[in-house]
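What Swiss-Prot records for this protein:
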- Asp96, Ser97, Gly98, Gly99, Phe100, Asp150, Gln193, Gly220: substrate binding site (BINDING)
- Asp96: active site, proton acceptor (ACT_SITE)
- 251-257: region 'RNA binding' (REGION)
- Asp270: active site, nucleophile (ACT_SITE)
- 275-279: region 'RNA binding' (REGION)
- Cys308, Cys310, Cys313, His339: Zn(2+) binding site (BINDING)
Amino acid sequence: MSTSPIQYRLIKKEKHTGARLGEIITPHGTFPTPMFMPVGTQATVKTQSPEELKQMGSGIILANTYHLWLRPGDELIARAGGLHTFMNWDQPILTDSGGFQVYSLADSRNITEEGVTFKNHLNGSKMFLSPEKAISIQNNLGSDIMMSFDECPQFYQPYDYVKKSIERTSRWAERGLKAHSRPHDQGLFGIVQGAGFEDLRRQSAQDLVSMDFPGYSIGGLAVGESHEEMNAVLDFTTPMLPENKPRYLMGVGAPDSLIDGVIRGVDMFDCVLPTRIARNGTCMTSEGRLVVKNAQFEEDFTPLDHDCDCYTCSNYTRAYIRHLLKADETFGIRLTSYHNLYFLVNLMKKVRQAIMDDNLLEFREDFIERYGYNKSSRNF
């Protein structure tokens, strides 16, 4: 799709793995890959300003179609001039399709060929989301990268169910492409599904690749399967996708999963993990997980991470951050959130350098050992 506003440029392949260094060109700028994308569910990354996100090196952020459709409404955002203007963010934005949120409402939804009926989680009213509506909402939001409406089956669903599901997702993808009213300034990605079944992943990938999307997402992972099962699916799925298009692994943010995804050829990742755990005082550091609210840090006047040069670690101590969190001060959450986001954005920067140096496997081994991962307990 040469007229697509989304272009992928391969810079270098790592010699020993499937990892690749590249960049993705969008209407609102170019960002390097592999890249971790902070999640701004309600058109804001929780507690962080756009200036802070730029400062830490976030080249692209994600916003949530489902939540913005319900509140404040996609038509209001369109009248504001689109999501970039509405939230004062002049760099790339990716929107999901809303599908994952709808499917997480398992007790109140009904799937048909036309779309999904579900209850609005805010007021209980009946709502309907179709492939066409999901595209229309995203066209109003004006994101640089959009997602096709898909069904996200549980990883351990029976084979026959998953087969019917991916075939419907392919039909929905085709309907979404036809409904896309802004193909010259918004790029629409297809989403490969298929749970853990290699032949169904292949069928899904072949269907979507034949439609010539400007990029492809790998969905249906990080939904309860083991780390090893996720890697196995990536091992056989990413080679099914075109080398000249971006590859996006949805909903993945644990540090080892990011590195292992890159090794298997993934370019883009997103997850709420860094900000969600930060609100409970859990921090990612170069030496593993640190729960700064714990009593042992009451008089610890050192940074969260001795090897981190982020704003938080350059200015504040564990003892001070612990005090803020124990006192329910919002500034404490701002500091832990900034640090965790910076940690993952900076991890991807280090990964990009390791690809350039052809030593990603050595980098992974050193990182895993320092972080304290072991087979009995991953501790993200």
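Glycine is no exception: its Cβ is also placed from the backbone N, Cα and C atoms.
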Worksheet entry | Rounded Cα-Cα span from Cys313 (Zn(2+) binding site) to Asp150 (substrate binding site), Å | 40
Practice prompt. Tell me, roughly as an integer, the mean pLDDT over the region 'RNA binding' (275-279).
Written response: 98
Practice prompt. To the nearest whole angstrom, state the Cα distance for the pair Gly220 (substrate binding site) and His339 (Zn(2+) binding site).
Written response: 28
Worksheet entry | Minimum Cα separation from Gly99 (substrate binding site), reported as the residue among recorded positions Asp270, Cys308, Cys310, Cys313, His339 that achieves it | Asp270
Item to complete: Among Gly98, Gln193, Cys310, Cys313, these being the binding-site residues, pick the one whose CA is nearest to that of the residue listed as 'active site, nucleophile'.
Response: Gly98
Item to complete: Consider the binding-site residues Cys310, Cys313, His339 and say which one has the Cα lying nearest the Cα of Ser97 (substrate binding site).
Response: His339
Practice prompt. Sort the binding-site residues Asp96, Gly98, Phe100, Gln193 by C-alpha distance from Cys310 (Zn(2+) binding site) and give me just the closest.
Written response: Asp96
Item to complete: Could you name the residues, excluding Cys308, Cys310, Cys313, His339, of the same chain that surround the Zn(2+) site, i.e. Cβ within 8 Å of the Cβ centre of those residues, in sequence order?
Response: Pro303, Leu304, Asp305, Asp309, Tyr311, Thr312, Ser314, Tyr338, Tyr342, Phe343
Practice prompt. Compile a sequence-ordered list of residues in the same chain as Gln193 (substrate binding site), six or more apart from it, whose Cβ lies below 8 A from its Cβ; state 'none' when nothing qualifies.
Written response: Asp150, Glu151, Cys152, Pro153, Val162, Ser165, Ile166, Thr169, Leu200, Arg201, Ser204, Gly219, Gly220
Worksheet item: Roughly how many angstrom lie between the C-alpha atoms of Asp96 (substrate binding site) and His339 (Zn(2+) binding site)?
Response: 25
Worksheet item: Where DSSP helix means H, G or I and strand means E or B, what are the helix, strand and coil counts for the region 'RNA binding' (251-257)?
Response: 3 helix, 0 strand, 4 coil
Discussion item. Residues other than Asp96, Ser97, Gly98, Gly99, Phe100, Asp150, Gln193, Gly220 within 8 Å, Cβ to Cβ centroid, of the substrate site?
Written reply: Tyr103, Met147, Ser148, Phe149, Glu151, Cys152, Ile191, Gly219, Met250
Discussion item. What whole-number Å value do you get for the CA-CA distance of Cys313 (Zn(2+) binding site) and Phe100 (substrate binding site)?
Written reply: 35
